[in-house]
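J.: Below is one structure. I have some questions about it.
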Amino acid sequence: MTTLELPKEARVADPRPKAPRRPGEKPFGVGRIVALVILILMAISWLLPFAWALVTSLKTEADAGATPVSWLAPNGFTLEAYASVLEEGNIPVWAINSLLSSAIITLLTVATSALAAYAFSRLDFTGRKWLFFVVIASIIIPPQVLIIPLFYEMLAFNMVDTYWGLILPQVVAPPMVYILKKFFDQIPIELEDAARVDGATRLRLFWSIVLPLSRPILAAVSIFVFIAAWNNFLWPFIVINDTSLMTLPVGLQTVKSAYGVQYAQNMAMALLAALPLIVIFLFFQRQIIKGIATTGFGGQ
Amino acid sequence: MGDTKNARRRKDNLAGWAFIAPFGVFFVLFLVWPIIYGLYLSFTGTTLTGAGGEFVGFANYAEALADRDMWRAMLNTLWFTVLSTIPLVLVALVMALLVDLGLPGQWLWRLSFFMPFLLASTVVSLIWIWLFNPQLGLINEMLKPFGVEPIAWLQDPQWAMLGVVIATVWWTVGFNFLLYLAALQNIPEQQYEAAALDGAGKWRQLFSITIPQLAPTTGLIVILQVLASLKVFDQIFQMTQGGPAGTTRSAVVYIFDLGFTGYRFGYSAAVSFIFFAVIILVSLVQLRITSRKGARS
């Protein structure tokens with residue numbers, strides 16, 4: 001992360017990355033060893049599904065479907081499953097669709113939310129209070145209850161089976177407006193006052209003063225929105241039927257049944273689809289963890 | 001003086017609405033309008049083709065209230081919520097407490113517990129359908145040494161919901177874990193020092209300091225978790241399609257089935273709004289409970 005000189009008030013409390021040692025604690029107490037063992041067992045249980053998927057994906061179909069169940073592969077490990085999934089399947093196309101649609105959704109959501117959050121935080125306009133209340137209250141609406149009318153709307157706009165229909169309805173995230181407003185509220189207003197005296201417009205203040213100070217929270221919000229869009233299933237599943245327009249999760253769902261009992265290929269597909277987000281996580285670990293820690297919001 | 005203030009106010013008004021506008025367009029088009037239109041649809045007999053769009057009054061709602069499948073889906077949803085929320089809070093707490101001890105390998109623990117949260121539901125379902133496979137699945141294989149007969153996890157009405165819950169806990173516990181971990185790291189060290197001076201042991205500190213200090217976080221996690229669990233759709237739709245024999249069919253799965261397999265859009269919208277009412281009710285109850293707790297302490 002870039003080192004930003006934030007005014008104290010604007011800084012988000014940093015969850016201490018250091019591991020605290022309680023006073024009077026011995027580094028090698030019996031309790032700590034027991035705790036370590038439990039921790040290792042839990043971590044193994046959480047990693048086991050990945051390991052099993054990986055081992056299966058590296059088997060031949062014959063070995064993957066053989067009993068008794070085994071971690072070994074009598075016919076040797078192979079990349080066959082990956083090769084055939086990439087050859088036959090539309091996975092690269094779906095990955096590009098996922099990447100593009102998620103990126104556009106993120107860009108539009110963060111841009112519109114930040115502008116609105118700035119208005120709610122700084123501008124004293126008529127109706128601000130009740131409008132903010134409406135936006136916050138809407139957080140409680142489960143998006144799933146809107147699928148029927150939303151689908152109808154898309155039919156009316158002729159947007160079923162188009163990128164528009166895929167992208168536009170996902171561009172609204174009231175929780176993000178709330179998070180951003182809370183952050184903007186902490187930025188001292190004096191910082192803007194000086195520039196205002198010099199005649200800077202509101203847009204200028206927003207762009208050159210508030211946004212640069214908000215980089216950490218913007219990064220966190222962007223990552224949340226991106227992950228949620230990337231993983232969204234229900235809406236893309238409803239609005240897209242054309243195979244070439246599908247996102248990765250929807251595409252996988254449709255071929256899952258087609259592949260049927262080809263277990264190695266199924267697991268190769270699952271791992272290929274999981275890879276992009278895991279890579280993103282490894283790159284943005286700090287922002288993601290910090291974002292969840294400080295805002296309490298995420299995908300799902 | 002008053003004039004400039006008014007002028008400034010007017011400027012703020014214009015700027016305010018201009019800043020809101022881009023968000024407002026999406027908000028109205030894809031949130032407000034669908035709600036209003038959905039409410040209208042729920043009073044009509046609309047089908048996929050738009051036929052039968054005539055106004056039917058409360059007929060859909062009356063039908064829904066007498067619909068045993070709907071009640072069953074609602075109960076399934078509540079059951080799933082109870083079954084999933086408890087481990088999703090407790091396991092997350094245990095994970096966070098253990099990781100917070102500062103044992104070596106911090107990044108590894110965090111990565112192991114959080115990574116599944118990043119996966120798309122399709123990926124999670126693919127992996128768990130495979131793990132739960134009655135003949136070839138790893139889960140049955142691991143239970144074998146304990147003398148457990150092979151279980152058809154996702155096909156047996158007795159076990160299907162539990163199977164979905166297990167996959168869900170694995171998938172989403174990492175988020176709650178991170179919330180707890182952050183909260184733990186914000187508890188002031190001095191409290192432990194003071195307690196240690198008073199002769200409080202580790203367990204005593206855990207129950208007298210740590211757990212009470214985590215109460216607000218626990219409240220937040222429970223609220224978020226209950227709301228998330230009530231809306232369960234993806235993993236059920238992909239792992240069991242709501243079966244076997246409707247034992248895992250949740251409210252949203254039922255709404256989807258009515259609309260997109262039965263093409264009864266009007267009726268589906270009515271069930272959506274009944275479900276929406278349930279969600280509001282649960283939220284209000286939760287709010288009551290947490291605010292009362294807050295008043296007491």
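Glycine is treated like the rest: Cβ placed from N, Cα and C.
No curator has checked TrEMBL annotations; they are predicted automatically.
Keep in mind that this is a model prediction, so the values were computed, not measured.
The domain 'ABC transmembrane type-1' annotation in TrEMBL covers A:95-284. TrEMBL lists A:1-24 with the feature region 'Disordered'. Residues or ranges marked as transmembrane segment by TrEMBL: A:30-55, A:94-118, A:130-151, A:163-184, A:205-230, A:263-284.
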J.: Verify whether three or more Cβ pairs under 8 angstroms connect the transmembrane segment (A:263-284) with the transmembrane segment (A:30-55), leaving out any pair fewer than 6 apart in sequence.
T.: yes
J.: Determine which residues of the chain contact the transmembrane segment (A:130-151) at the Cβ level, with the cut-off under 8 Å and only residues 6 or more beyond its ends counted.
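T.: Result: 116, 120, 160, 169, 174-175, 177-178, 181, 234-235, 238-239.
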J.: Output the single range from A:94-118, A:163-184, A:263-284 maximising the number of Cβ pairs under 8 Å to the transmembrane segment (A:205-230).
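T.: By Cβ pairs under 8 Å, A:94-118 leads among A:94-118, A:163-184, A:263-284.
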